[in-house]
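These features come from TrEMBL:
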| type | residues | note |
| --- | --- | --- |
| DOMAIN | 45-246 | domain 'GH16' |
| ACT_SITE | E132 | active site, nucleophile |
| ACT_SITE | E136 | active site, proton donor |
| CARBOHYD | N140 | N-linked glycosylation site |
Amino acid sequence: MGACDFETCGFLLLLNTQREREREIDMASFLWSLCLSFLFLVSGARSAQPKKPVDVQFSKNYVPTWAFDHIKYFNGGAEAQLILDKYTGTGFQSKGSYLFGHFSMHIKMVAGDSAGVVTAFYLSSQNSEHDEIDFEFLGNRTGQPYILQTNVFTGGKGNREQRIYLWFDPTKAYHTYSVLWNMYQIAFFVDDVPIRVFKNSKDIGVKFPFDQPMKIYSSLWNADDLATRGGLEKTDWSKAPFVASYKGFHIDGCEASVNAKFCETQGKRWWDQKAFQDLDAAQYKRLKWVRQKYTIYNYCTDRVRFPNTPVECKRDHDI
Ligand SMILES: *[C@@H]1O[C@H](CO)[C@@H](O)[C@H](O)[C@H]1NC(C)=O
């Protein structure tokens, strides 16, 4: 610092120390971010993000369930469209039954005016006291948001509805909807974001699906008696046909015969491992984000229907 009067000197001195401090702060935050990315890498290695599915053709894992002529195939069966018109909807199901695994589908929802129309993607066992894991997409008038409803049935008992808005328009592009199911939890994902978890709470008296193989189903049908604004909005058939598009068709599960009571390779598959037995901290953070920003309805907080909070709710971080 050359010659300068007291004020400028003081100012320059101040500036210098300020710069140094900034440099120190820069250094500290650099080290900090280095540290964070290291932590991220380490935890990333143990992260509970389900294994990426490999897209296959429809016919590898699925068959139509009803109204075969209302399913159209593209690109050699790599893509399929379900069509709903005033005569019928349609649906398909997995060839195999599964006990645990990761079940995902890329779906593009019915675009435009889809009020009254429901698209479902779910797992279900076939018996009377059945288990079921549901994604249900409730259509809406053009420009109005879809609602995603999820539910879990165990031993024939459901009544565990949750409803959220999505943070994107599900009619514009394919998004991935998946279920991770193992002995410890059922986690619902939208793309990579966990939107719901149902933990195995057998120890506190809540049934958990574990011994009834499930098939995977999807369908598109008219439910204008209840789907949109509680049935107020009717399906506008002048907008038919309604089309939902599918890709992916991968199934990563333990295949079991319909009457099997256990999976032959129980405990040995990737979804059985430690990293998938619970969501990790980052995933819980995202789940919380969904809860706070997008929840419309949660049975866990419905005091009218359930004066006593269902016991699993606490464990599922739902209350
Ligand atoms: C449809 O849009 C209306 C208006 O924004 C909204 O109140 C409703 O929750 C939406 N979804 C359904 C399924 O009714």
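The backbone N, Cα and C atoms fix where each Cβ goes, glycine too.
Features per TrEMBL, on structure.
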residue: E132; record: active site, nucleophile; contacts (Cβ under 8 Å, 6+ apart): Y122, L123, S124, S125, N151, V152, F153, G158, M214
residue: E136; record: active site, proton donor; contacts (Cβ under 8 Å, 6+ apart): V118, T119, A120, Y122, L148, Q149, T150, N151
residue: N140; record: N-linked glycosylation site; contacts (Cβ under 8 Å, 6+ apart): S114, A115, Y146, I147, T228, E233
Per DSSP (helix/strand/coil reduction), E132 (active site, nucleophile) sits in strand
